[in-house]
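Chemist: OK, Swiss-Prot features for this one:
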DOMAIN    9-278  domain 'Protein kinase'
BINDING   Ile15, Gly16, Ser17, Gly18, Gly19, Met20, Ser21, Glu22, Val23, Lys38  ATP binding site
ACT_SITE  Asp136  active site, proton acceptor
REGION    283-332  region 'Disordered'
COMPBIAS  303-328  compositional bias 'Low complexity'
DOMAIN    365-431  domain 'PASTA 1'
DOMAIN    432-500  domain 'PASTA 2'
DOMAIN    501-565  domain 'PASTA 3'
DOMAIN    570-638  domain 'PASTA 4'
Amino acid sequence: MTFVIADRYELDAVIGSGGMSEVFAATDTLIGREVAVKMLRIDLAKDPNFRERFRREAQNSGRLSHSSIVAVFDTGEVDKDGTSVPYIVMERVQGRNLREVVTEDGVFTPVEAANILIPVCEALQASHDAGIIHRDVKPANIMITNTGGVKVMDFGIARAVNDSTSAMTQTSAVIGTAQYLSPEQARGKPADARSDIYATGCVMYELVTGKPPFEGESPFAVAYQHVQEDPTPPSDFIADLTPTSAVNVDAVVLTAMAKHPADRYQTASEMAADLGRLSRNAVSHAARAHVETEETPEEPETRFSTRTSTQVAPAAGVAAASTGSGSSSRKRGSRGLTALAIVLSLGVVGVAGAFTYDYFANSSSTATSAIPNVEGLPQQEALTELQAAGFVVNIVEEASADVAEGLVIRANPSVGSEIRQGATVTITVSTGREMINIPDVSGMTLEDAARALEDVGLILNQNVREETSDDVESGLVIDQNPEAGQEVVVGSSVSLTMSSGTESIRVPNLTGMNWSQAEQNLISMGFNPTASYLDSSEPEGEVLSVSSQGTELPKGSSITVEVSNGMLIQAPDLARMSTEQAISALRAAGWTAPDQSLIVGDPIHTAALVDQNKIGFQSPTPATLFRKDAQVQVRLFEFDLAALVQ
């Protein structure tokens, strides 16, 4: 049998389950959209703290809007077997998660893994910018869609598990998570954005090797290794790597997995940038910084960008700047990278020379330089950096909601690219936020409103509310926030409230109530009542029945109320009474007709002299209900000798 929640989401088959929830395929019947509905396990839903955390984290997830994040459309609670169970309505993604892909298709090459994890890092950066730490980055929470897209799931939901019970005491919920747990989380310390970066490094390790960096018989054993042990460099498990490629992939993975958060990439964007270099076989900043640190350990860093999250890539032959992860902390490095450094220092001519050959000597006749990282720099400073590196600079302008006016949004070719000196580099400089007036979408359908907002560069908030309305037809917009005409930044989100039509109200049972009171009650409820008076023996003005009683009708509906006029009385038994006695008996019963309305008909012949002029027939008959203003017909006995003879 079909199960519908919130009068909107029609649930179908279970498409996934985990230690804390079940996920159903579902349809949003309001707008005809396929969705997924995640429900908390009923035993966990009985914990008020757990339920509240789940609800709040779902709301946090709903704040995120990114193409690589599974969108959260709605949240709520539904009664199941007497327990209020929280649920989350999400975008339904058609595809497989990374764990399934690796199991079924095998490992990724480092370049393939980098291309998968770049959008993951971008999604994490969007989450971190919104103040949300994922806390449960793992292959099972990363989907590859049927069209090749990447979607990150379950933002913030793991926090509910951690708040309810220790991650290390609920084995069934953590065995998958423990393999991607950062050292600080394993020690019970708070997680931050760099904890997600550590987990992403663990995911990349698994993608390129086919196994997690640490394995053990229990979550405790795995967590211990995260804190105390260095992982085997992933290149040890990857065949057919050149020395430079091996160092490159090891540097990226092991930098992300550094034991101390200060030694990791400091932002997901920084890791995404290095993954981008890895994906195009350019030397990563992690590898470059490590080679230089080990080859010239006493040399100070030479130059820093004004942004601390990225390194300024120098021209060929010039010492590189430290990454924004911090100078002294990055020099500490993880022991895994120290091992790499030993290899590099022992084989300066071989491996380090290979870097020089592979990346800095692409042309025997033309000098090249790496494009320095000018993203986020003021225009003039970026111009100076690029000209000092030997490039011709072309400047274009573009509005941006994220980059302040006058700062560089991006470079083309991209930062870190090795190109010949004297080539042209185009930098795009922000003109600030582009503002636009919000269009009026009131009275539109949801589809038309979404299209109107999209046409001007605005985004429809997927959490669409519904309200009843006496004035606006069901399915049309009745309110928008921000209001129409307000000036906002292009790319802003607009929330809509849709009409569900006129409010429906249950018609009450008013039988036996006085009509005047019943009328007031119905009017106060929003109905338009009309009385229909019927002949009845009930007291005058008493309600006999109400049309559509017990059903729900739209507010403003007309209601017919049947009301007693009190005109029916019960006919008394007039047998063998005189007409005078009959009139008295009728009056006592409530008869209001004039005395002349007692109609005496043809006599009834009788041989009993005692019955002379007594009533022998009446209409209506005794106990019959009749109108109290109606005529009463009687026939009197008349003594007849002939009847005696007969």
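Going from the start of the chain as shown, residues are counted 1 onward.
Cβ from N, Cα, C; glycine included.
Each of these features: where is it, how hidden is it, and who are its neighbours?
Modeler: Of all Cβ atoms in the protein chains displayed, 13 besides its own lie within 10 Å of the Cβ of Ile15 (ATP binding site). According to its DSSP assignment, Ile15 (ATP binding site) is in a strand.
The Cβ neighbour count for Asp136 (active site, proton acceptor), using a 10 Å radius over every protein chain in view, is 25.
For the domain 'PASTA 1' (365-431), the DSSP counts in helix, strand and coil order read 10 helix, 27 strand, 30 coil.
Secondary structure counts, DSSP: the domain 'PASTA 3' (501-565) has 10 helix, 26 strand, 29 coil.
Per-class residue totals from DSSP over the domain 'PASTA 4' (570-638), listed helix then strand then coil: 16 helix, 22 strand, 31 coil.
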Chemist: Compare 365-431, 432-500, 501-565, 570-638 by their Cβ pairs under 8 Å to the domain 'Protein kinase' (9-278) and return the stretch that comes out on top.
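Modeler: Answer, by Cβ pair count: 432-500.
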Chemist: Select the most exposed residue of Ser17, Ser21, where exposure means the fewest other Cβ atoms within 10 Å, treating these as the binding-site residues.
Modeler: Ser17
Chemist: In whole Å, note down how far the CA of Ser21 (ATP binding site) lies from the CA of Asp136 (active site, proton acceptor).
Modeler: 15
Chemist: What is the Cβ neighbour count of Val23 (ATP binding site) at a 10 Å cut-off, with all protein chains included?
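Modeler: For Val23 (ATP binding site), the count of other Cβ atoms within 10 Å is 18.
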